[in-house]
Amino acid sequence: MEPAERAGVGEPPEPGGRPEPGPRGFVPQKEIVYNKLLPYAERLDAESDLQLAQIKCNLGRAVQLQELWPGGLFWTRKLSTYIRLYGRKFSKEDHVLFIKLLYELVSIPKLEISMMQGFARLLINLLKKKELLSRADLELPWRPLYDMVERILYSKTEHLGLNWFPNSVENILKTLVKSCRPYFPADATAEMLEEWRPLMCPFDVTMQKAITYFEIFLPTSLPPELHHKGFKLWFDELIGLWVSVQNLPQWEGQLVNLFARLATDNIGYIDWDPYVPKIFTRILRSLNLPVGSSQVLVPRFLTNAYDIGHAVIWITAMMGGPSKLVQKHLAGLFNSITSFYHPSNNGRWLNKLMKLLQRLPNSVVRRLHRERYKKPSWLTPVPDSHKLTDQDVTDFVQCIIQPVLLAMFSKTGSLEAAQALQNLALMRPELVIPPVLERTYPALETLTEPHQLTATLSCVIGVARSLVSGGRWFPEGPTHMLPLLMRALPGVDPNDFSKCMITFQFIATFSTLVPLVDCSSVLQERNDLTEVERELCSATAEFEDFVLQFMDRCFGLIESSTLEQTREETETEKMTHLESLVELGLSSTFSTILTQCSKEIFMVALQKVFNFSTSHIFETRVAGRMVADMCRAAVKCCPEESLKLFVPHCCSVITQLTMNDDVLNDEELDKELLWNLQLLSEITRVDGRKLLLYREQLVKILQRTLHLTCKQGYTLSCNLLHHLLRSTTLIYPTEYCSVPGGFDKPPSEYFPIKDWGKPGDLWNLGIQWHVPSSEEVSFAFYLLDSFLQPELVKLQHCGDGKLEMSRDDILQSLTIVHNCLIGSGNLLPPLKGEPVTNLVPSMVSLEETKLYTGLEYDLSRENHREVIATVIRKLLNHILDNSEDDTKSLFLIIKIIGDLLQFQGSHKHEFDSRWKSFNLVKKSMENRLHGKKQHIRALLIDRVMLQHELRTLTVEGCEYKKIHQDMIRDLLRLSTSSYSQVRNKAQQTFFAALGAYNFCCRDIIPLVLEFLRPDRQGVTQQQFKGALYCLLGNHSGVCLANLHDWDCIVQTWPAIVSSGLSQAMSLEKPSIVRLFDDLAEKIHRQYETIGLDFTIPKSCVEIAELLQQSKNPSINQILLSPEKIKEGIKRQQEKNADALRNYENLVDTLLDGVEQRNLPWKFEHIGIGLLSLLLRDDRVLPLRAIRFFVENLNHDAIVVRKMAISAVAGILKQLKRTHKKLTINPCEISGCPKPTQIIAGDRPDNHWLHYDSKTIPRTKKEWESSCFVEKTHWGYYTWPKNMVVYAGVEEQPKLGRSREDMTEAEQIIFDHFSDPKFVEQLITFLSLEDRKGKDKFNPRRFCLFKGIFRNFDDAFLPVLKPHLEHLVADSHESTQRCVAEIIAGLIRGSKHWTFEKVEKLWELLCPLLRTALSNITVETYNDWGACIATSCESRDPRKLHWLFELLLESPLSGEGGSFVDACRLYVLQGGLAQQEWRVPELLHRLLKYLEPKLTQVYKNVRERIGSVLTYIFMIDVSLPNTTPTISPHVPEFTARILEKLKPLMDVDEEIQNHVMEENGIGEEDERTQGIKLLKTILKWLMASAGRSFSTAVTEQLQLLPLFFKIAPVENDNSYDELKRDAKLCLSLMSQGLLYPHQVPLVLQVLKQTARSSSWHARYTVLTYLQTMVFYNLFIFLNNEDAVKDIRWLVISLLEDEQLEVREMAATTLSGLLQCNFLTMDSPMQIHFEQLCKTKLPKKRKRDPGSVGDTIPSAELVKRHAGVLGLGACVLSSPYDVPTWMPQLLMNLSAHLNDPQPIEMTVKKTLSNFRRTHHDNWQEHKQQFTDDQLLVLTDLLVSPCYYA
């Protein structure tokens, strides 16, 4: 790839590197380069300087005056726009000041969330290009961000509905942290570790939180001299943790993301080699591929896989370096998964595999770019020793190319493969392009497989640039271009849409890259050409032929679409969607081809298209559009030559056909006339200067045709007018050639072949701009005067009522007006007028700056825009008053109003779609390797044009003027008019206008709400609906009902509620009901808590002052006076007071609304819903609302009750009194010194946290002297720097208060809950069933009760007690659930009660719980489990000793049957699991209790015991730096179990399950006991397979031989439980992740079992092995002995006496060969061939009926083993034919006549070979000699094959 070897591409050639500060006094950080190429570039500096100065000054003042809104937001928005227009065009000093100011703003603690997001987005944008600011320039603290994340993402009040955050907030916050991370101070890492390490308790949710924090916060881009303060502090600790976790917990994936980032930022500074096998094994496991013969996936693995994107980044960063270990493993990874890419495979795992393929090359290219081409910046460069060498790149491309080529034809489409190939071809075109072409040529020939064509073409498009530019690695590339183009032509096929589109894209791509110039003459003139150049020269003679053939194809396409004449008659104006796509493809491809043609070829093409278009007459809808497009393309390329042909022709035809005046009034016009009008209107879309020659002719045509009666006719004529105006007044590039200056030079001076695939040069782009000349402008005004003026006069009179016009005439006039307006949009100055004042008071200027877009407005002429506005408004009122049903005119008026307001030469939606398509084309052809904007010239020109359009869209600013106000009001009137289509169109324009002007929504809301007022008479249903739609808004724009502003929602929300009383409201109409539903849903979805406090802290103000003082550029505005600043502060305090007043006011008005008599229930519910949004965490709800919600706990409607429950729970949280905390020193309590290094787990210094029945506090004194720690994770990993616990009872808020001691709000709640009637009613409602069988324990209700008991301690127990006793006794599902929710609330609410109160509480609860647990049923056990688990969550176990002792009394009493026992265990498990590591004593007691009961007969109890065991041993983890736990250990337990299972181990025959479920009492023998025990143990192993962190393999291995014996071989579900479980258990165990030191142990067991006398065991060893090896592939490959052992094991089992075992060994062997674990080497081949040659004993005639025949002879077994081995080798490469295969097949075929089972094996092998190789047989045939082919064909079709 030569171009990049030129130094410093992409920098203007300037001496001395960094540009000097110019006269402007500052060096911009990074401008948008495209601005320099605009035709008016020289005016931009002054413009941007002025804007920047205004932004700095006003943003600074706004902050200093404490005015966040509107001033602050207005000017930060202006700064965002500034960056979009000019890039980062400010000095480094200003850049830093902007960042610091926004950082301070974003981290204001009480900032309203929507403002926070606005500031955050801008800050992210300012920090985006991190190379612009080094760590020396900027330092940002990390704590404010942490406080924000903690407050928002881990909000304590959000779940109670006291805070409403938008969904986007999580991503914005994470991106913000990511952007600030490079600038955290050097000591940040240590501080973060100190802060979050204490959260690392692997059994607790806080672990997830800690790792999330590490992942998003830890800085990894520190310079090498600071590494000791960076990752070296945590790397060993976290990688150790990752390596030792065996089952994927959720946080493991986040660790991977962190390591990936660390690796990328520090290539060459970390030695990953020791971890590589583990990393690759885990990545392979995480793909969840189906392997092996009996597959059951661990359910855990499916959900928590790694994010492929991060895994790829990690792999890429580790590549290279001296050891090459990663490349070796990567090759191994692809070897083992390549066959999954074959198109015949499909499954849910395929997406991941495709993503891997697509991301890897992309990532490697990015790394190469960084190492070789990127401009060096302050970020640490990659050391030379670790840069990727050319060899590394070659190795990489070679290892990935096979799967990519397979993926080309994948079921999911070829997109990923094409993207991968694009990047691979940048690196190694010579390895990548030839195989792609090999697949492309046949695909272009095939007729039967069109999908192959689309797939290969899209891949060739990806590699097009690499192919065409050739370069020294792949010089022959360009020679393929012409053959490909010629062969692609048949793809232009009217019958196959997708083929047609991809062909267009293909041809367009290649034409853009190559000048289509015939250079064959150069061969005679020059003799210094290379071989390839000569070849290309002679080939280019075909270009002309290609262009002409392409045109013929297109004409064919067009003619076939004309056949659908029937559509002509119908009124469908539109083409179908597919037709319009084909039209687009055709026109853009044709225009690309002509742009790239030499003059000679162009002239031939022009003549051809002219002849075609003038010799036919086309219908104007489909075919006509396509032909006209082709003609337009031709005219655009060479206007002079083309206009000469077309204009006179069309004009003369049109003049002739309109000679007769009758034509003017015809309803239906002659086809020829229409076609010529269409053609003329399209070919005038060219360079305006060239049109001036023909102006007289064109004006004549307009005069003749603009007033045709036929709508189709005058519409085409209007198009002509529109295009003439646009062509003469707009600014646009006139050519998009791939080389500046075109190809029209003699071959002696210019050799086009040098320009094949050449990128455009940004610094010499040579854009030819069309800038309107004065002549063109005056022509445009002449057109407006001649054609627009008369229409306006007519319409003016019509609006005044002086002139009667028919509807058709009005429509015609409006059409002319609209076309004039959009034709001259950028000629007409924007609307002038008075601004609308007093909408929003502000102390800073909110002025807009006008942008210059290349034209000075001519203000001496009258402004047509204003005249149109006046006339149209008058006409509109006339039509609405007199003929509202003239909808067609109204549609046009709506369009005109929209364009008057917003159209300045380009439409926003067109701009957006062009920006999108620009990005798509850029992606499909970009060169990510060299970067530096090396795009092709046409793309660069397009990008400059987009920059110009962006400016025209922002030219106006957003000032809201009187004239805008009038027009928006007109739109509102139209939006509430009688016809739904008119309303719909008007509403869309209305929403667009609302989004365009500052603060206009506040002006318009009252007008919309007028239609909803209940007291207003005469509102029609249409107006009512229209107004509701106006409130609702569309999916993208503003929603008036929910502006985040008190002033607005104070009006809209109450209006929505009381509109229920309007007489226009009817709940019978489903459309209205749905509208209200949508409104309520949208408000709930979009509402974010609105701020009450807008104070700005001092730190912000200080930076704001600096910003105002910043020079270069600055406007010399004096600093603010102290009086002004005082006034600002005063206003700000008033604003806070206003906000509060508005808030209370809104609550009041809503309550008034909801409490109105005869308000329909729907509106009552909406009102209550809105009220519940107004709960906040910084302000208690007003008393009236509290009373309202409490009373509604007993409302009749369940919807209301549910809302009230949530609300009251929130209110109780607001009323919660704060509990005092104090700091303790844990080491003093334990009396142990602080551990010096990090040791997690049970240590002497955290022992005091454990539950210890000897020291639990049983008296008041003990209780009050204990130090309780409620949260479970403290102290496990390490102690926090500042450990706080709750202070003693006497310092806490007073309990047992009388009513007088309470606040008013509390009294309201107190009164209701002390009232027995109220409580009785409440309990009745709560114990009703909601949805049968669907109800669950409800956390909302639990929160309600927890709040009640926390805030009022035991005040309500007396009233509740009888209810609780009565509920517990009732065994109904809903009553049990109700009591469970209350009890959980009681236990958690009693956290701060005094000892006496708690003791009394447990006296009440214990009997209740005992009753409940003995009445437990299948419907309620889940609820009781949830109740106990919730009760124990985050509570100190020593405070709950009553509960634990109660639960442990006797879980398995047998009373109430096995089911109750199982449920009690479930409940107990819930409680203990919440306590994690702090109750070792209880776990030991439980284990001791359960061990004798492991032989339980009942299945449900066994399952439950298995699950409980998992939790008992959960704490026994082998994580690094963790002490052995005091809780029970697995090894000791397993040893005791093995002892009891001995009797089963020693027996050789099959173990039958002869234990009946309900067996007698008699004494059982050891085996029966053993089998029962085994069943429970299996349940335990299955339960822990996915849950525990690490598997204690060593001990469990000893159980394997037993399972091997039991597991059944056939897949049959009728087996008993024991066998099924054994099989499942083996499958789960085989997928487990092994540590390297466990490998020999496992193999030991497998080898031992392979000698077992049970063939079931030997068979199962093989299925186990398949999965185990694949799931631990690189761990095994890393251990040579292990590989030898496995090889020996499989090969020896091939000679097993049992046929099934032999066959399974063959399958296993073939699998191991296929994933490249073993290789087919000569010793193996020789071994099998020897075995095949084993002589078979002669057949003896035997007596009929003798037995001897059934046992196979040893010789037969050996011979069969050999044949199986060879068969395995054949089947191990299902998709290709390696060199050794033909001979093997011949050897196999020799055994076709051997005795069974050999013959069968050979047949099976051959039939499989045939099946897998059938698809690409043409390709595979090449590998065989002719003789071999004869034999093979014989075999594969011979009759014996079918026998």
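Glycine too: its Cβ is placed from the backbone N, Cα and C atoms.
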Next item on the list: Given the candidates SER1121, SER1450, specify the residue that Swiss-Prot annotates with phosphoserine.
Entry: SER1121
Checklist line | Among SER1298, SER1434, SER1453, SER1746, residue with annotation phosphoserine (source: Swiss-Prot) | finding: SER1746
Next item on the list: Report which of SER91, SER883, SER1230, SER1614 appears in Swiss-Prot with the annotation phosphoserine.
Entry: SER1614
Item checked: Residue counts (helix, strand, coil, in that order) that DSSP gives for the repeat 'HEAT 5' (1636-1674) -> 34 helix, 0 strand, 5 coil
Notebook entry, point to check: DSSP three-state call for SER1121 (phosphoserine): helix, strand or coil?
Noted result: coil
Next item on the list: Let me know the model's mean pLDDT on the region 'Bromodomain-like (BRDL)' (1650-1738).
Entry: 90
Checklist line | DSSP-derived helix, strand and coil totals, residue by residue, for the repeat 'HEAT 6' (1680-1718) | finding: 30 helix, 0 strand, 9 coil
Checklist line | Number of other Cβ atoms within 10 Å of the Cβ of SER1121 (phosphoserine) across all protein chains | finding: 9
